[in-house]
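Summarising the annotation, TrEMBL assigns compositional bias 'Acidic residues' to 86-97. Positions annotated as domain 'Amino acid permease N-terminal' by TrEMBL: 43-80. Summarising the annotation, TrEMBL assigns domain 'Amino acid permease/ SLC12A' to 112-612. According to TrEMBL, the feature domain 'SLC12A transporter C-terminal' maps to 621-757, 820-987. Summarising the annotation, TrEMBL assigns region 'Disordered' to 76-99. Summarising the annotation, TrEMBL assigns transmembrane segment to 107-127, 139-165, 186-210, 230-249, 256-278, 307-326, 346-366, 422-442, 472-488, 494-516, 537-568.
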């Protein structure tokens, strides 16, 4: 290959300076201090530039210029035509401000993910509620509860791993993943709820810590509930101070908590094998005994919380710490690699510890014990005893029967241990580490949501401070929320609420993974492969079901909040594009439905006027856009076409992005396409042939009336009329909208500060600043509008009470039979809210002798079409001569285009060939009957679009259109169908 390239270089004259490697123009990194002169891209070099990381990255190294991919112009044009950037024109290197560079705090997968997840999972439930749950549900059901929780969390962890390895993950955790997968509609509500759930989880663990302090202290400050509130408030204030110290201080505190938790766990398991003392036997601990294990196998539900799903709801928050590493993904060194390893290992070790604690405590502690040394049978051997404690020398029958036992699994929340102080330290570490972790996670999630500007009035809390962009304002907000729920003071009340929020988040995370997989988007390429979309769907379904089984009213509240937030985002339509799986799903559905339509034959019952509208830039002719959008919205296809003349290709009014923005801003459901051509006819011809997809193809051409046809160049006039004729040749229906002041509002845009930009500026990547457009509802909600279809003129005149569509059929001899498009379009207009009170009035031409028969026939026809018509008017003065002023104006309009006497004496055919817009006496004689017949039309101000005769000069045709529509002060629309039936009164 090298020899081949060398031979090519030698064969090219004057190409001795070509480098031996295919090096691009200085489009890559520019490192200050290196040589400024680099090799240039040769037009003859067959070696393409090697792809670089900088071509795709959104950021770059400090002190380097962002590298860009070579454009096609660079690759295709010779060196002499490709300017090389002058190094002197490059921006200067960043100056050294003399301050020491601060190194950002970044965590690996062990400290940042695994330990953090384990600390959040080993929360308040493990020590304060797991033994009690085991006594209520029994060993078997407790293992089922743990297994079901782990099933959901493990599948969720695999889904999170897949999403987090499908591209670079920034801060925002769960919200970032859901919003970038399912879009802002579902991501934003869940992000808000998940941040709120983390704040609630902080309050849950703080309340657990406060309960432990209260029980160990023995003395009361006020009462049990208020003591928890006071201690919890002090604790959460201290945790807030730690978070204000930054992530480095928080990480150090978490390491201390983790060591304390490990010591407490070792202490617990050692305590289960130490022979029990008399004091421990009095509280129900007898060491490992088969009798106790068998007794605690089955459930024994008690009290108001005594049910399986209530136990499940109380336990489930202990499994919710799996997203702690995800929530601070912006502070991880390698989120894509660390999240899968750390999260799954944390789930494994914590699940193992939960199962071991549940089994060991249920095999060594009875459910009920009095704690009194006087209940020993060694001291009261004469008392009869029947309970389980009797086998071990203790009589707890009295407190069991009276339900007054203070100890045992069912009554005392703390577990047995070798050293009670280490267990207390473990409880402190478990509760405080989880509370601290959730207090850090919630603001991180909320900060990302604030920066996306999805919801109003929350951007204030998104501001970051310090080297790690700490959301201090978010910390304060989550502190206030956590403090509010700490004041509830009841752990069993807070836990089910948290379960619903977390289950909803888990369900949507799993659904995100499932949806991204089944849409089969090419961009879905996760590095983590050990997941299955159907297990993700199962976990999502299970999560939503468990929400209602836990606490049905809380589930309803959660769904109501999500639906309200979803409705707001859907209504506001934030201007974001994250490449979501919903976009991929919509594409798949659109492609599938479009392919299905191609195999179905068209039927007259399903006919819709699918419109190609020659608007130019849509903001230039808003009246034309809005009118067509009125009857096509949610009904049929609308395409706005912009034909750019080759001579004007360097000037693009605004750009294609703004055109799409204007269509969305005016709530017009339309596609936009542009085409570069030498003439209007050529561009329209290609658009009519190429626009659409399958059966979604235009069948009606809309364009504006050429109001300057008398002043413009004759070639432009001929081009306009040829476009109309070409539409008929293509079997298109055609419509022309005329307004007395014209349709083009370019002058108004110039006065408003909207400018035209150079096409070269777009190619060079310049940033455009667009003026803020106000929604113009004048044309869309105008009290007056006029339309006509086929030989139709619909004039809408608003009075204070009602409006009418005047539909006039002109039965002229030269006109062919009319299609149902004449009646279909006004019917579609009356289906809109703004026109639903408008009434239809039909005008037809007829004789005085047959007036009643004509009216009766038309009424019967309209009834068969199931159309409600207010009135049918028969115009009988068809043969009335034209008004003198109208006839005079008509003759004056064509006078500049008449052939002079000298020209008429020559070769008329040759003159007509060279100037087809010229009007001869023969042309006037041919059209004279039509002018006479249309006199009544001028008199009643109702007219119709004539079919263009190929032999009719363009100026004469335009003069006829001008005469038909002149003097009508409301907008006028002339439409002619393509002579095909579009309505039927048959059912098949």
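Every residue, even glycine, has its Cβ placed from backbone N, Cα and C.
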TODO: For the transmembrane segment (346-366), could you work out the same-chain residues 6 or more beyond its ends whose Cβ comes under 8 Å from its Cβ atoms?
DONE: 113-115, 117-118, 121-122, 126, 130-131, 133-135, 138-139, 142-143, 146, 150, 153-154, 157, 265, 268-269, 272, 284-289, 292-293, 295-297, 318, 321-322, 325, 388-389, 396, 408-409, 415-416
Open item on the list: Does the structure show the transmembrane segment (472-488) and the transmembrane segment (186-210) touching, where I'm treating 3 or more Cβ pairs under 8 angstroms (sequence separation 6 or more) as a contact?
Closed with: yes
Open item on the list: Can the transmembrane segment (107-127) be said to touch the transmembrane segment (230-249) if we require at least 3 CB pairs below 8 Å and skip pairs under 6 apart in sequence?
Closed with: no
Open item on the list: How about long-range neighbours of the transmembrane segment (186-210): same chain, 6 or more residues beyond its ends, C-beta under 8 Å?
Closed with: 123-125, 128, 172-175, 178-180, 227-232, 235-236, 239, 317, 320, 327, 427-428, 430-432, 434-436, 438-439, 441-443, 445-446, 448-449, 452, 454-455, 478, 481-486, 488-491, 494-495, 497-498, 501-502, 504-505, 508, 558, 561-562, 565-566, 569
Open item on the list: Checking distant contacts: for the transmembrane segment (422-442), what same-chain residues at least six beyond its ends satisfy Cβ-Cβ under 8 A?
Closed with: 116, 119-120, 122-124, 126-128, 173, 195-196, 198-199, 201-203, 205-206, 208-209, 212, 216, 235-236, 239-240, 242-243, 247, 250, 253-254, 256-258, 260-261, 263-265, 267-268, 321, 323-324, 327-328, 414-415, 474-475, 478-479, 482
Task: Recorded stretch, among 230-249, 256-278, 537-568, maximising Cβ pairs under 8 Å relative to the transmembrane segment (307-326) - done: 537-568
